[in-house]
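Participant: Below: one structure in structure tokens.
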Amino acid sequence: MASGSGSKAEGGGPSRRMTRLPMRMDFPPDEEPPADSEIVPSSLASIVPILRVANEIELLNPRVAYLCRFHAFEKARFMDPTSSGRGVRQFKTYLIHKLEQDEEETKPILARTDAREIQKFYQWYYETYVKDAAERKPEEAAKHYQIASVLYDVLKSVVPYDRVDVEVTRYAYEVESKREHFANYNILPLNFTGPPLTIMELPEIKAAVDALRKTDNLPKPRRRSGQESQQTVDGSLMPEDKSIDLLDWLGLTFGFQKGNVENQKEHLILLLANINARRHPNNSLLDTSTVKYLMDKVFGNYRSWCAYLHHRPNFETSSNVETQQLELLYIGLYFLIWGEASNVRFMPECICYIFHCMAKELNGILLNNAQAVTGGYFERIYQGEESFLCHVIQPIYEVICKEALRNKGGTGSHSKWRNYDDLNEYFWSNKCFELKWPLNLQADFFVQSNERHYIAERHGEVVSGRRKPKTNFVEVRTFWHLFRSFDRMWTFFILAFQAMIIVAWSPSGSLSAFFDPDVFRNVLSIFITAALLNFLRAALDIILSWRAWGSMEYMQIARYLLKFAVAAAWIIILLLSYSSSVQNPTGLIKYFSNWVGNWRSQSLYSFAIAIYMIPNILAALLFLLPPLRRSVERSNWRIIIFLMWWAQPRLYVARGMHEDVCSLLKYTLFWILLLVSKLAFSYYVEIRPLVEPTKTIMGLRVLNYEWHEFFSYLKHNIGIVITIWSPIVLVYFMDTQIWYAIFSSIFGGIIGAFNHLGEIRTLGMLRSRFVSMSSAFSERLVPGTEQPNPSSKHDYKKNQEERQTRERSSLDKFSLVWNAFINSLREEDLLSNREKGLLLFPSSSHDVLVVQWPPFLLASKIYIALDMAKDFKGTDEKLIKKIKRDNYMLSAVIECYETTRYILYSLFQDQHDKDVIQAICANVESSRREWKLLSNIRMSELPQLSCRLEKLLNLLKSEHDDLESVRTPIINVLQDVMEIITQDVMVNGPTILERFEQDKNRWREDIRQKYENIDMNLMTDPSWMEKVVRLHLLLTVKESAINVPTNLDARRRMTFFANSLFMKMPTAPEVREMMSFSVLTPYYKEEVLYSEDELRRKNEDGISTLFYLQKIYPDEWSNFLERIKVAPMDENSLRDKMDEVRHWVSYRGQTLARTVRGMMYYRKALELQYFLDMEKDWVNLGGSQASYREQMASAAKSKAIADIKFTYVVSCQIYGVQKASKDPQEKMRYYNILNLMLKYPSLRVAYIDEKEEMVDGTSEKRYYSVLVKGGDKWDQEIYRIRLPGEPTAIGEGKPENQNHAIIFTRGEALQAIDMIQDNYLEEAFKIRNVLEEFDNKKHGKHKPTILGLREHIFTGSVSSLARFVSNQETSFVTIGQRILANPLRVRFHYGHSDVFDRIFHITRGGISKASKVINLSGDIFAGFNSIMRGGRVTHHEYMQVGKGRDVGMNQISLFEAKVGNGNGEQTLSRDVFRLGRRFDFYRMLSFYFTTVGFYFSSMVTVLAVYLFLYGRLYLVMSGLERSILEDPRIQSNLRPLESALALQSIFQLGLLLVLPMVMEVGLEKKFRTAIGEFIIMQLELASVFFAFQLGTKVHYYGQTILHGRPKYRGTGLGFVIEHAKFADNYRLYSRSHFIKGLELMILLVVYLVYGESYRSSSLYLFVTFSMWFLVASWLLAPFVFNPSGFEWENTINDWGDWKKWMRNRGGIGIPVDRSWESWWESEQGHLRSTSIRGLLLEIFLGLRFLIYQYGIVYHLNIAHHSRSIRVYALSWLVVLAVLVVLKILLVARQKFGTDFQLIFRIVKGLLFLGFVSGMIVLFVRYGLTISDVFACILGFMPTGWALLLIGQACRPLIKMMGFWDSIKELGRAYEYVMGIIIFMPIAVLSWFPFISEFHTRLLFNQAFSRRLQIRRILAGQKDSSYDLRNDRKD
């Protein structure tokens, strides 16, 4: 095909017949096809550079571009000759078409043949672009060298070797020799040989680079003899043409990958440089203490691990190697291991072991005088670049992978496979050294005990063979974990409950009865209960850890067994001794007074208690001495270990987690107050009122039961007592959560007030404190502001001048930051141009005597001053004094005067006119000095002057194409102004003019009009025009500035920023001395930037996203149109600006573009702050803003400092897949991410690249971690590091995604930012202060390792529902986390905005945990891990970031389900167990009630409802309730009984849980506002929403613990304006809410119907009101909060859609949203994977539905009051008959339904006749009534449901019996009934149009209050202005 004679292509190219092959690369018809370089299959990735070069030179020489493509095709054909790779055949076909087209269209330009053409082009390109590349930017040089290199490769394929010109060969040699120096780089161009770049000239960078390049004294590695090598002549692998450094040496020595070496090299250099700059800012050399500091941080965990295992760290010193050099080698080795460890990074102690062994090898190389023996060389153990990966990481990864396969995709039991923690904890014992080094792959860790066979099939992995035991802990699915983890809490509450029962049961019932001898003796029985609970704990320790015994040490097993034996012995001892002490009671006083002197006469029980309490007394003493306890627990001395052996098992983590004494006292006081309040309330309100009624009930004798009572002979009516007390007991255990909400609200509010929160919450407060903001800014955000200390009067005067200079300087700096803030608000369209002008400081403020405040502070001041002056009657002193009362007014008057003088003076060009201005001003100044202003100036004329001046300014500031066209109007108005000044305002104005007229006549010969010669060019001067605009604002803005800005979000941000300047925060260091940090954002496939199609696409109501947002944010849309200069009605111009529209919409959604924009504010802030740091004397700069603009254009140093201080990495996991995808949506995401990189050059994207590579002749998938950045047009690869396998296939997706990218982050701190977050420029200014918290001295030695930040929920303005969630989340991220951090000390990491001590965490497992399923909520485990490893988590509210939350009902429910699943898994985890056991008692309480305890308390709340109602069902159906209520003896105790029964109803409403929300709103917005918002929320049915979410939490939390199968649920981040169909809601909420709601409703109905005859309705409502509320919430909330939920048309459509879904048959591949059968099968997934215990529990719980039938059949009239068991037996015949009929119908349908319809109809007819006949007989013969029929329905329906549940649990047995189809049809029937019951109220309400109106008003109440057109949105009306006329195309 190529015409050159030197072409090496076989046959000259592809044959012509291939041109007829069809095109297989499908692209959207309306879009331009992507470049061919971007659609290359992964297996042909090596040809991408060739095709990119072809595209790059296409315009320079099309023929050479064609030759490049042809070379790429030939290379592709050679790489995959059979086209077996995925997408290869299609790509080749596409490329052939392209080549044939280019061959015809392109011809040589420079020569006649292709061979000469490409050689000449190569020479030209080299001389034009490459020869002087060293003088270009590194990015351009790298690009040209890469093009030249590719061109030469193509040239060699076209031109025979012997025909290549000598000059070309010489050029090619130079390119190849220098190419490495121009390679793509990340931050530091370490190999660049051109002019020194600014970043490389920084002294700290130079010092770090120089230190790493000291390698002359190191021995040189070489390959083993006989192997292929690239070693030099002397045998060394050290390259001659490159300056090698320490990491290069380590890479060659140990076989690390080149990409890893380059990555960690830059990482280490930046760490050393930043630490050195911070600790030794004036040191140009790398200080020894810097390296030591970094080494201490990096190896803190390693040294602790060595000490724990009693091994000495492998750190050596030697005279042969410098100490600093050796330390750098150790650090570099660790980073290289960590950088290549992949999934092993989640196993920090495994990495410690690897480093321990490799450091020993390193020591052997360096310290064994090897160079003396071998002549300066040594032979490497690791051969090849990937040898470390293959021989060290790969075997460990395979173990991890094989264990993960046992998980069966999240369905396997945790006890059957070893997760990351299990494998990592293997290295907590000395058994890990059995692995030896190099790794012994036959060791027990790698080889299973029996021969295994692994069959890995995607989505169906099976692993056979006996499994290895768990390590130290087993995650068993049981609620007993709650008791085992928090046994001290349960013991305390149980013992307190027992003691209160005993005291309340005493005759007096008062607390003083405690001192009664008999009562006290009974109270002492709590120690027996304590012994029983201790025995239970010991038994649980054995049972739940059984599967881990195989990996435990014998001493640990012995401890478990001994604990169990001792606990059993104590039960026996205490029981026996207590029984003997009953005969010798002793009083409390005698007990204590005679203890010492008469101890022998004490009872055995007393001695037993004393001995039993000794461990607790010792623990209490240690509790009061936390430093001692911390030291003891962390000690590795063997004697201490031996003494602590009994107290707690020895673990590597969770040792010494004790706070300082002050913190301990604070949270102890908190909990003592809380527990006292809770116990007092429980005693006086819950327990004591029930005692007397209970005594009475126990004395009753019930003889008349209304059913067959099996336990009629139980004494004391114990069944009734249990029924009454059970709900109260549950409330007793649950209400601590309520008390926690109350106390946390109070304490959180107090702490927030002390932290100055809410001090500036309105614009009025902002204006009043704006003057002091500059000083607060200087104190907190300006480094090095020190107050002088005067020692003499002279010094005092001098210091006063310095202080004024500093104040002006700080004001200048503040004005620069403030203006940047205001400009960012304008760029985000939160301000209009006018508002921006009112809020900005002027650019230059040094030509006016007073401070030029922003006009919004001076608005209307001139107008008021003029009004005050024109009618003023008095002296000058009084007038000036009156003006001076308002500083802003005084500033405005002086500025207005001076600016007017400046504008007029500069306008005039004639000196005579200028002299007139000077004379007038001199007259004014003399009048002011002589106090003659009122006498020399007519104040009444000033308003007239103001009007004319305003007109002049309007002419000056208006835009004009031709300035000369407005010269005459300006001159006319200017003459009017001068005439008013001289004739009307100035009393002696004529005199001044006369004097100047004489001068004019004397000196001027030409006769011209005065004030005519003006300088029109000033109107093009930006600084002069800024003064004009500012003066115009001062004169014209007459309204109050309270409403500026009008945008609510802009107001919030301004007030919070102002407020934060007065909050406590560390002083900011200089940027150069600040801690460096990175931001990491995990991204999967969420929206990056909304496309035009997505903006125009309409939902079912005809609403587009763009139209929706225009109505939600009308002011921001208007500001946007103003910014892009498009008129509101100009649709064509708007269509041309569609790219800006896409960004505007995306910045209001939860998109990656919004997140990236927000995070890049950090860089912008750092550049500005470094500029401020560089300028020391701001007064002499001639204006801060002007200076900034002049210098920032060339501020390369600012950019360099920002580069080394801040890095932003987005981990786009499937970026490579999206790049190669043919899906238009995925391809668009790729392009959007690419555009983000091009827009933000410092943005980095990390992704996992999956490539097919040929290995030993077979295709093999290989995975790489790749880092790319934006290039000229495409992305540029920086680092590529091969992985041992697919990293995300083992653990949870998000943690694995973070883990693969964390190696590309930099700095000492790392901020974890999610996709739903945003940032603000004004908050980015405070990042230096936040990072200083890591080294803040106030924390003492216990420095924080995680810094929590405040969050603002920006999605709360969409609807009432969104506001509920926003307020709820806001209360958690503010007052909730505030109290968690201080005083409770139990704040963890919750996934958003937290800043990590990066070095601490990357050496201890990372910023999250990733084990499948158990670490579903991976983020919080990072907090657990940090605390257990000696870290600390704090919370800081002076800085905030934005966060989005779900705004739709279904989105919110999915999120709550995900969190509920996660908390269920946390309950089972070892982390929660260890924290619960190792925290002290009060901190353990804080931990419980703020994590899993909240969810368990929610579950107890619902269980209390169930227990109460089933208890009521038992009492009412058995007749016991009638007997109790009608008994005269119970009447006197009825009121306390009713109060106690209704108590739970108050708690079930859960209103007290919103107290934190009310407190926080009150703190920050006033309590009146908080109460108003609370009332409005209740009117908007917030309680219904929260009650519904209670059901969501409980369902998913309980199901996860019982059965498992939790999963990460993607909630979607889009705008929810669609109506959710009934079928969607039914699928989502059927099992979690609807079934439970219907069950509770049946219980309430039965309780109402069968107790109505003897019980008052008021009592019923009093007791059951909250339960009816709960039922209504669970059944109706999804429809109440569903947009257009009660529109009749939608209701009809929903009903049809649901019926269609119910009828559709399921099958393989049928999705759940298409068929009820598929959904029904999927809903039983948890039963298929649960344990036998879970199935038995399901069956047991299902049996509860049988009680309905049992109770109701005895109340039927047909039963004739019989109490015989035969009545119940006969009722089962009815059930059996119904089931038989259903089975007959099912069989008949299957056999005759299709082909024999007549037979099927006959069968149905016969069954119907039989039914009618039977009913007639029952009515006539046996007395059946209509009420009996309804009662039977009420009784038998639950029985059928019970049979259905049992049948599902026994699925294999039912299938074997052949009844599974019957169960399925029974389930379908029940689903129909439930659907109809739920749908009926919706249909009824939809019938009334006003209901729909009210519903929309309710759902979008806030929107209505902001005048939003929600009705238009929901009605689908189209706005003619902004909908882009989308419907024209439809």
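Just so you know, glycine gets a Cβ as well, placed from its N, Cα and C.
Given the structure is predicted, the values throughout are model-derived calculations rather than measurements.
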Participant: Looking at 50-68, 1570-1588, which one is transmembrane segment according to TrEMBL?
Facilitator: 1570-1588
Participant: With pairs closer than 6 in sequence left out, are the transmembrane segment (637-655) and the transmembrane segment (1829-1849) joined by 3 or more CB pairs under 8 Å?
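Facilitator: Checked: the transmembrane segment (1829-1849) vs the transmembrane segment (637-655), no contact.
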Participant: Taking a Cβ cut-off under 8 Å, which residues six or more beyond the ends of the transmembrane segment (1633-1650) line up next to it in the same chain?
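Facilitator: Those are 1502, 1505-1506, 1509-1510, 1512-1513, 1516-1517, 1588, 1591-1592, 1595, 1626, 1660, 1664, 1667-1668, 1670-1671, 1674-1675, 1677-1678, 1745, 1748, 1751-1752, 1755, 1834, 1837-1838, 1874, 1877-1878, in sequence order.
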Participant: Below 8 angstroms Cβ to Cβ, which residues of this chain, lying six or more residues outside the transmembrane segment (1487-1509), approach it?
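Facilitator: Same-chain contacts beyond the flanks: 482, 486, 489, 726-727, 730-731, 733-734, 736-737, 740, 1376, 1380, 1384, 1386, 1388, 1420, 1460, 1463-1464, 1466-1467, 1472, 1475-1476, 1479, 1541, 1544, 1547-1548, 1550, 1590-1591, 1593-1594, 1597-1598, 1636, 1640, 1643-1644, 1647, 1667, 1670.
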Participant: Please give the average pLDDT for the domain '1,3-beta-glucan synthase component FKS1-like' (325-440) in this predicted model.
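Facilitator: Within the domain '1,3-beta-glucan synthase component FKS1-like' (325-440), the model's average pLDDT equals 87.
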Participant: Counting only residues 6+ away from its ends, which parts of the chain sit with a Cβ under 8 Å from the transmembrane segment (637-655)?
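Facilitator: Beyond its ends, the transmembrane segment (637-655) has Cβ neighbours at 304-305, 308, 310, 349, 425, 428, 472, 555-556, 559, 615, 619, 1425, 1428-1429, 1474-1475, 1477-1478.
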